[in-house]
Amino acid sequence: MPRSKSSHRWLKEHFDDEYVKRAQQEGYRSRAVYKLQEIQERDRLLRQGMTVVDLGAAPGGWTQYAAGLVGKHGRVVASDILPMDPLPGVTIVEGDFREAEVLERLLAVLGEGGADLVMSDMAPNMSGMDAVDQPRAMYLAELAAELARTVLKPGGDFLVKLFQGAEFDEYVRMLRTEYDKVSIRKPKASRPRSREVYAVARGRKVV
């Protein structure tokens, strides 16, 4: 099947992308690592000894970066419905955490201590139709927020990918009721024409 003009354009942009080239040169699994790196430089979410849950982790760029910063006394639990190659010091929970068995495995790995940080870079497969894509994206963000409610320690932090559009404002308002401080970040590595942003929610409130 011949490729469409849009897919040709995407491929050209992908291989010309400075962040794709950097990721290849620096041994990271995806360009997405530079979004997290920029957020980290500004917000200092990741620290030595932390327990981190990474949702939508495959292929593992964020997981790699987080594991390097939490160090040998910290741990990263990576969750995705897609298979993911192992990484040193990382526990991978493969499967859909909406399913009870997968969620139980995830909770068992974390134990009673819970998590200091939940990160979600989850996004739906985009159709190009906003009326379809935006509800799917917000649904994934809701799932991530619900998991954060379950596993975060009091005072813990939550980082989540969002797309500006329907339900965005309501979601951010919800975060502000549950966390002490919420900021919106648009990393330079996020493609300019994308409506993708990240919400940084600090200090999970005790309910």
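Residue 1 is the first one shown; counting continues down the chain.
Glycine residues also receive a Cβ, built from the backbone N, Cα and C atoms like all the rest.
As given in Swiss-Prot:
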| type | residues | note |
| --- | --- | --- |
| ACT_SITE | Lys161 | active site, proton acceptor |
| BINDING | Gly60, Trp62, Asp80, Asp96, Asp121 | S-adenosyl-L-methionine binding site |
Residue with minimal Cβ packing [other Cβ atoms within 10 Å] among the binding-site residues Asp80, Asp96, Asp121: Asp96
Under 8 Å by Cβ from the residue listed as 'active site, proton acceptor', counting only residues of that chain that are 6 or more apart: Ser120, Asp121, Met122, Ala123, Ala137, Ala141, Glu196, Val197, Tyr198
Residue with minimal Cβ packing [other Cβ atoms within 10 Å] among the binding-site residues Gly60, Trp62: Gly60
DSSP-derived class (H/G/I helix, E/B strand, else coil) of Asp121 (S-adenosyl-L-methionine binding site): coil
Where Trp62 (S-adenosyl-L-methionine binding site) sits in the secondary structure, as DSSP reduces it to three classes: helix
Span of Gly60, Trp62, Asp80, Asp96, Asp121 around S-adenosyl-L-methionine - largest C-alpha separation, Å: 19
